[in-house]
Amino acid sequence: LAKHPEIKALMKPDYNLIWVVVLMVLAQLTAFYLVKDLDWKWVVFWAYVFGSCISHSMTLAIHEISHNSAFGNCKAMWNRWFGIFANLPLGLPYSISFKRYHMDHHRYLGGDGIDVDIPTNFEGWFFCTRFRKFIWIVLQPFFYAIRPLCINPKPITRLEIINLVAQLAFDVAIYYLWGVKSIFYMLAGSVLGLGLHPISGHFIAEHYMFLKGHETYSYYGPLNLLTFNVGYHNEHHDFPNIPGKSLPLVKKIAAEYYDNLPQYNSWIKVLYDFVMDDTISPYSRMKRQLKGEVEQE
């Protein structure tokens, strides 16, 4: 910032995010209606080909919203309510809890017992062969859901209860209106999209140390178009209050800080290398023993 103070001008809400999220919710509602009378094989096909992409993209929209990118920091509660709305087509309550844990990830990156993005010791010990690492990738949604309960359980908040109730009401309404195939499409899309899917390469690309000494990596490939530029991950951790839309400008303005860092151009290759490289496993993360006072979200 001292060298490039113009970056401060990028620290503002991305109001286009609001309309993109609304359109994504409407797209999924349309899909719920269209799949209700299809054969099961086509429900599964469209859940993976279309629903999974929208669902994973929506989780990254929720990531943006968790940083108050939709309405700005001065309207923090507007962002929380909007996150609950964006959560609806995913089928499972996620938005409020994600925000609480994700802020800890930024404050205490790699913090032992705090950052639940770090795999558990069991994951590192058990998923150590190529086949087991492949299974671990498939089951990533499961581990991301239960890991906070094992590593850093937090008291349930009022907003999390509201998130849960709103989600259950939405799911019941979809089942009542369009039946079990629409519900299956919704839930399968979320599970498949967060598991064995090209976009899921970002889970591993972001912080797994393929090179010693480098714990955060950026990806500059085309899938950033579907993921709100989450691939610009060094830039995001440097400036978490800048919306994803503006992160390419951060890289352009401060190119001397980013161009020479290790980077990826393919999330699919990241997944392949993670499975096939015997030196990489869920243990390949930086873990820190935190000292001093820890203030969690």
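Here the Cβ of each residue, glycine as well, is placed from N, Cα and C on the backbone.
From a predicted model like this one, the values you see are computed outputs, not experimental measurements.
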Among the residue ranges 118-139, 184-205, I'd like the one that TrEMBL describes as transmembrane segment.
184-205
Check the transmembrane segment (184-205) against each of 17-35, 42-61, 81-98, 161-178 and return whichever range has the most CB pairs under 8 Å.
42-61
Looking only at the domain 'Fatty acid desaturase' (41-263), report the model's average pLDDT.
95
Are there residues at least 6 beyond the ends of the transmembrane segment (17-35) whose Cβ is under 8 Å from a Cβ of it, and what are they?
42-43, 46-47, 50-51, 54-55, 57-58, 61, 64-65, 69-71, 82, 85-86, 88-89, 174, 178, 181-182, 185-186, 228, 243, 245
